[in-house]
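Accompanying notes for the structure given below.
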Amino acid sequence: MREILHVQGGQCGNQIGSKFWEVICDEHGVDPTGKYNGDGSSDIQLERIDVYYNEASGGRYVPRAVLMDLEPGTMDSIRSGPIGQIFRPDNFVFGQSGAGNNWAKGHYTEGAELIDAVLDVVRKEAENCDCLQGFQVCHSLGGGTGSGMGTLLISKIREEYPDRMMMTFSVFPSPKVSDTVVEPYNATLSVHQLVENADECMVLDNEALYDICFRTLKLTTPSFGDLNHLISATMSGVTCCLRFPGQLNSDLRKLAVNLIPFPRLHFFMVGFAPLTSRGSQQYVSLTVPELTQQMWDAKNMMCAADPRHGRYLTASAMFRGKMSTKEVDEQMMNVQNKNSSYFVEWIPNNVKSSVCDIPPRGLKTSSTFIGNSTSIQEMFRRVSEQFTAMFRRKAFLHWYTGEGMDEMEFTEAESNMNDLVAEYQQYQDATVEDEEEYEGEEGLDENYET
């Protein structure tokens, strides 16, 4: 079937990734040892379990996951965590040195030494697939390993499997919550790579996730566990159509075809409804209108950009649970008609919806939202400003040049990011003037006919 190969890199990527596997194991009825003990009544859980799992001897299911890091700490905690025993031991690839939040170490020195070991595991997993659909990579862009080594791996996989989909779940540096001083450097260098080598990037950031935890879930002290719970719900929603039967299916390629009008503009905002905290899931059952209303709400977006400040080029909604497709279509049309100014008018019907019959554990219905909005430029713009402020003074540059990088690379990354912002802006504005010219011509035609 259409397999997906999952790669997680760096501390952030590994923590999100292991949370994701907890959710997927739960949905497919796989216990922490890899044994299936779901509801025996139906084969739905097993029917397409091969999207994410290999079947090993003795009927055990093993995640098709590659775990990489430049230091052993996070790996050790995954191994001793709730699902540590389910992964294939050979698929843990780690160094001892760490990348020290330095993109150059992850991309050029330490990471480059480890990358062949990672690629061997990736190859082995890919060769076992019947029909590999693509890769999903979890990483952050602010550190050293996820950003530097993550993008190195993405470009190597791109070389070897040019026709497979490459999807990333990338955690961007947050505006207010900064983890390291050199985040703007690492993020800009990473985006420079992602623009060229990834097919679809789901943009996440911690601040937006914190806001959801405070505002919507009323958690007073959210932990990374709570944040990762939100992310993993979204990740599971994006691929549910592949794993469970549905009325309108979607896969990574269909998603890309429907969401990406121009190849460089593949950075998506994601949202999820209903937003629930880890403890309170069993009490929620929303109707289709409620799901729709929640999922288009700016407060539900998992990255710090406000869709009301831009326009949607395209969007995709994935509903889960027993519901009428007619109602889904009506609600989606309703959103577009009521908020038509927030959608570009030169792509008609730019919202795609899909429906999967099996809801996530503990909910009757849910929906995942993926939007390609021009307002995402706010995030790039913010990082770019911070980058420029430091780069102008050449602050912290010696850490990068010391690993063999050239200043030229920084300049290129900076201008690539600024080009990206300009492209988003261009398509955000590409409406009124073009429309007016067009209407003017039409007016002439009418006069001409009379």
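Using the three backbone atoms N, Cα and C, a Cβ is placed for every residue, glycine included.
GTP is bound by Gln11, Glu71, Ser140, Gly144, Thr145, Gly146, Asn228 in Swiss-Prot, and the record lists one more residue there from Asn37, Asn206, Asn249, which is Asn206. Highest Cβ count within 10 Å among the binding-site residues Gln11, Ser140, Thr145, Asn206: Thr145. Ranking the binding-site residues Gly144, Gly146 by how many other Cβ atoms lie within 10 angstroms of each Cβ puts Gly144 at the bottom.
Glu71 (GTP binding site) is surrounded by 19 other CB atoms, counting those within 10 A of its CB over all protein chains shown.
DSSP classifies Glu71 (GTP binding site) as coil under the three-state reduction. Residues Gln11, Glu71, Ser140, Gly144, Thr145, Gly146, Asn206, Asn228 are listed as the GTP binders, and the farthest two of them sit 23 Å apart at their Cα atoms. Look at Gly144 (GTP binding site): DSSP puts it in coil.
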